Amino acid sequence: MDYGISFLFIGQLPTWLQGILLRNGPGMHTIGDTKYNHWFDGMALLHSFTFKNGEVYYRSKYLRSDTYNSNIEANRIVVSEFGTMAYPDPCKNIFAKAFSYLSHTIPEFTDNCLINIMKTGDDFYATGETNFIRKINPQTLETLEKVDYTKYTAVNLATSHPHYDSAGNILNMGTSIVDKGKTKYMIFKIPSSVPEREKKKSRFKHLEVLYSIHSRSLLHPSYYHSFGITENYVVFVEQPFKLDMVKLATAYMRGVSWASCLVFNKEEKTWFHFVDRRTKKEVSTKFYTDALVLFHHVNAYEEDGHIVFDVIAYTDNSLYDMFYLKNLTTDFEENTKLTSMPSCKRFVVPLQYDKDAAVGSNLVKLPSTATAVKQKDGSIYCQPETLCEGIELPRINYDYNGKKYKYVYATEVKWSPVPTKIAKFNVQTKEMLHWEEDHCWPSEPVFVPNPDAKEEDDGIVLTCIVVSDPKKAPFLLVLDAKTFKELGRAIIDVELHLDLHGMFIPEEDSKTETQ
Ligand SMILES: CC1=C(/C=C/C(C)=C/C=C/C(C)=C/C=C/C=C(C)/C=C/C=C(C)/C=C/C=C(\C)C=O)C(C)(C)CCC1
Ligand SMILES: [Fe+2]
């Protein structure tokens, strides 16, 4: 079996660490003479680190999406991405151009799935945020079938951060923007297994919409990149960082990107929605907070009649703007400054509270500085506790997802967009451990539990390190999750790109049908 190029591991790998770390992110930003505008537009590049009997093997491959193939064939960008609008061949006649303008009002979206990896049953998919996902072979990184969510339900956009229940079923959220003007957020389930007689059919035929939340504004649905789940609830934050549908529909004609139609209204409120997973009913009390921008939920859980949920929040949308390639020049480490720092915030929302409580009283009964204050109209205004500042790309031990937990693993950033450290943060004691080294830019840290784990942090943390010093090679770093001390590194003597997200696939889960 070919696992990729073998690299020397310096240090000691735990013997139980057998499997594949699969990662995804943007890799190619120039095609022929054309260039994308935004870092999140780049052609998806898949990476794998295979751990086999104490050795580490590496391979990378561009996702052969239809978008990738069309671009390469034309030797220029011909498919629009979120931050870059592509136009037909300038040599096309006027009728071809007019048809193209009309078809872009509700366009065929890209299948350049560059954000994350999703597991369903024994299958793995590269995911983005459109209605398309691409099946991949986790061992060879070959690109397989394209799945179109719209064939199974009316979602046009879906998150790249699905959740998994204990049976491996996927719970995800998507937005329906073209269903007869009824803009809504949909929570849907993809089963991990299908009946034997149906195995030949697509498992997506069994996709089930569990609940729909109507958008507060039909023409301005919120953008969201992730959501939370607890044992009994789905947690959805409807932030005033919104897609302007009228602007989106006319973006192509106006010669602007879809990203320019994403607007942050700092005067508006952020609304919380909690959907009961068993009754499929939404909690009727209106909970809200001040305007914020969030991409990543960290975790959520229930405690004594409250929902506690932790997110990485911003006071504006400067993070998205910072990733425009015109801002990522060689000196951006010094010159590009975030105007809003990623901040780990905890909201504590009382679901069961004294209905006769006085207006103005704080209904939070847990030990936290987060508040939830009853308003005259019966709604509840929540203000968060700041757990810590300057962490992004959070990961947890997923066995603790939806449960009271202690540890977040994340990259650390200050006012500059460059990740300089990896952090382990204890949300209960607020203690923080770090790993850092000169010129090292770590990617999102992935926690892998020890199969015999007794405690939440029994395991290791894997992160890819891009090195800004051209004389040094990038490497895969392995940390002991408990002590945050280095167990070792595999120096990868090839170009390694900064990526977005990934997952570890234990050896027993990574067998393909052909094996
Ligand atoms: C990576 C580093 C960092 C932080 C990264 C963060 C916070 C990344 C967040 C990534 C997100 C939000 C990615 C979203 C991508 C969305 C895409 C590609 C959407 C595509 C949608 C399309 C094409 C279609 C749209 C159509 C519409 C809207 C029509 O209606 C730091 C800051 C931690 C450190 C450096 C590294
Ligand atoms: Fe993300």
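Using N, Cα and C of the backbone, Cβ positions are placed for all residues, glycine too.
Keep in mind that what you see is a predicted model, and the values were worked out from it rather than measured.
Using a 10 Å Cβ-Cβ cutoff, His501 (Fe cation binding site) registers 21 neighbours. As annotated by TrEMBL, Fe cation binding site applies to His161, His225, His296, His501.
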Among His161, His225, His501, the binding-site residues in the record, which have a C-beta under 6 A from ligand 1? His225
Select the most exposed residue of His161, His225, His296, where exposure means the fewest other Cβ atoms within 10 Å, treating these as the binding-site residues. His225
